[in-house]
Amino acid sequence: MRLHVADHPLVAHKLTILRDERTDSPTFRRLVDELVTLLAYEATRDVQVEPHEVRTPVTTTTGVRMTSPRPLVVPILRAGLGMLDGMTRLLPTAEVGFLGLQRDEKTFQAVTYANRLPEDLTGRHVFLLDPMLATGGTLVAAIDYVFARGAREVTAVCLLAAPEGLRVVDDAVGDRVDVQVVVAAVDERLNEKAYIVPGLGDAGDRLYGVV
Ligand code: URA
């Protein structure tokens, strides 16, 4: 697994406001959107392109264009939905699928409750969106799910990660270089309720309210 921590003052600034318990939901949603756009820039560094000739008003030159198949962006419901617009802003041609994985609050294991993805993901680069990489269970389940359908490469985009969760993902994917995790920051640890510390609380609740 490759880990990329987006070390940038703008990312750190926005993340600090996100962590603040006084930040209200509208501000939280806007900041998540802005942060994801910054993370998306890092996360798409290895997106596949091919040479493409273009005529400028002055001459012709060779640039690039993205190759097919189109990337697939998959927000993990519910909190990953708050990251979708920020990601597709930079990848407007991507297809979007949905995966509902919830952690059982007693066992902390990931349980699938919704799936709206193409059956065949052969050759696809899949971007998984999940704001909080806590125990790693959800992400490992999602990675297994898309590789089992033929995905070529997985990039997980997260706001925060706990070292414990990163270890779980790393152990599960081993030496695979086709799994990358892009995060705004790696925090200290998990607490006894599997919340990230210092973290930002429950990302879904802060985005959408407690329902
Ligand atoms: N999910 C959250 O929303 N927050 C955490 O700290 C851990 C998991």
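Indices start at 1 and increase along the chain as displayed.
Including glycine, each Cβ sits where the backbone N, Cα and C put it.
Unlike curated records, TrEMBL annotations are generated automatically.
Note that the structure is a prediction, hence the values are computed from the model and not measured.
Per TrEMBL, 5-phospho-alpha-D-ribose 1-diphosphate binding site is recorded for Arg78, Arg103, Asp130, Pro131, Met132, Leu133, Ala134, Thr135, Gly136, Gly137, Thr138, Asp202. For the recorded site, Arg78 (5-phospho-alpha-D-ribose 1-diphosphate binding site), the DSSP three-state label reads coil. Other Cβ atoms within 10 Å of the Cβ of Arg78 (5-phospho-alpha-D-ribose 1-diphosphate binding site), summed over all protein chains shown, number 17.
As annotated by TrEMBL, uracil binding site applies to Ile196, Gly201, Asp202, Ala203. Around Asp202 (uracil binding site), a 10 Å sphere centred on its CB holds 13 further CB atoms from the protein chains shown.
Sequence annotations record features per position, and here TrEMBL assigns domain 'Phosphoribosyltransferase' to 5-209.
Checking the binding-site residues Arg78, Ala134, Thr138, Ile196 against ligand 1 with a 6 Å cutoff on the Cβ atom leaves Ala134, Ile196, in sequence order. When the CA atoms are compared, no binding-site residues among the candidates Arg78, Asp130, Ala134, Gly136 lie within 10 A of Asp202 (uracil binding site).
DSSP classifies Ile196 (uracil binding site) as strand under the three-state reduction. Across the structure, Ala203 (uracil binding site) and Ala134 (5-phospho-alpha-D-ribose 1-diphosphate binding site) place their CA atoms 11 angstrom apart. Note on proximity: among Asp130, Gly136, Thr138, the binding-site residues of the record, the Cα nearest Ile196 (uracil binding site) is that of Gly136.
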